[in-house]
Amino acid sequence: MGCNPPYLLSYRLRLLLLFTLCLTVLGWATSNYFVGAIQVIPRAKNFMATLHKVMYLGNEETLGHGAAMKKAELANCPSVSPNLRGQNKLVFKPDLTLEEVQAKNPKVSRGRYRPEECKALQRVAVLIPHRNREKHLIYLLEHLHPFLQRQQLDYGIYVIHQTGSKKFNRAKLLNVGYLEALKEENWDCFIFHDVDLVPENDFNLYTCGDQPKHLVVGRNSTGYRLRYSKYFGGVTALSREQFFKVNGFSNNYWGWGGEDDDLRLRVELHKMKISRPKPDVGKYTMIFHTRDKGNEVNGSRMKLLQQMSRVWKTDGLSSCSYRLLSVEHNPLYANITVDFWTAA
């Protein structure tokens, strides 16, 4: 009388088995979902890491794993370094050698330096056009390396040497420097630097901003006054994007003069405004020299300036042809030697 009928017990048993089976399937599906989700996260992280390496041209790999981890842990350097001294009295020893300068800069290797105490805010390439100015180069390197180190910059110095006896082409050498330097590092900022100008005040920051910068407000040879109101020569700073936007310098200025004004016109054409440091900061010493043979005044410079607005798109980085003879990494700088087989 008190027992359940056999068919009722069988029904309840089947229901219990079905419920247990559903729970098992649900648990298995949920487990696989979370395992799959966990596996996706490392793949996403790996993708972002790979993208970062591509953006920075594999720079972390060149440091090695330990150094890369150490760099990642560093805090950013301040916008104004605490190591700056301000106005510096420059001394040029007549018998100074490159080996002496090298001994004073043991942390510079292959022309490269980065601060150990913090992560630099910008990677800066200094481009120096050069021919037959070995003594000037030694003097500039002697003062420029500690100058840049006090500013806590991640920097590299490139000397672009024009071989042969054809007329000197400063602008084209700087285009070459830009193109070749980018093969080694995705530089943020480029400093286009004459070899005979040495900065006196390290508050004159060798960094790039939202607008192109002209760093030579005055020099000893002009009584520390600007040469003329729209002067844009000597030492200038443009970001990678700014220089690319204006298609770099013209390649057609053979001999002395005009190429800086051409670059200024390109900058103005693109609605960019040139900034300068304060006069007591943007001070330089020009090392005296006579005009070099092969760097005579360019008699065509005014005509070329008048053509700028018509030719800037086709005359510049996009048309810079040269024969690369060598790239040598000396302790204090990278030396890029090129030959220009045509001249105006």
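A Cβ is built for glycine as well, from the same backbone N, Cα and C atoms used for every other residue.
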Looking at Swiss-Prot, which one out of R219, R225, R301 binds N-acetyl-D-glucosamine in the same site as G258, E259, D260, D261?
R301
Need the cross-check against Swiss-Prot: the disulphide partner of C118, picked from C77, C189.
C77
From N298, N335, pick the one Swiss-Prot annotates as N-linked glycosylation site?
N335
For a quick check of packing: other C-beta atoms within 10 Å of the C-beta of R301 (N-acetyl-D-glucosamine binding site), how many?
19
Compare the Cα of R133 (UDP-alpha-D-galactose binding site) against each of the recorded positions C77, C208, D260, D261, R301 and report the nearest.
D260
8 Å Cβ shell about G258, E259, D260, D261, R301 centroid, N-acetyl-D-glucosamine site members excluded
A171, G233, Y253, G257, D262, L263, N298, L304, L305
May I ask you to report the DSSP-based helix, strand or coil state of E259 (N-acetyl-D-glucosamine binding site)?
helix
Can you tell me which of the recorded positions N169, C208, N220 is spatially closest to G258 (N-acetyl-D-glucosamine binding site)? Compare CA atoms only.
N169
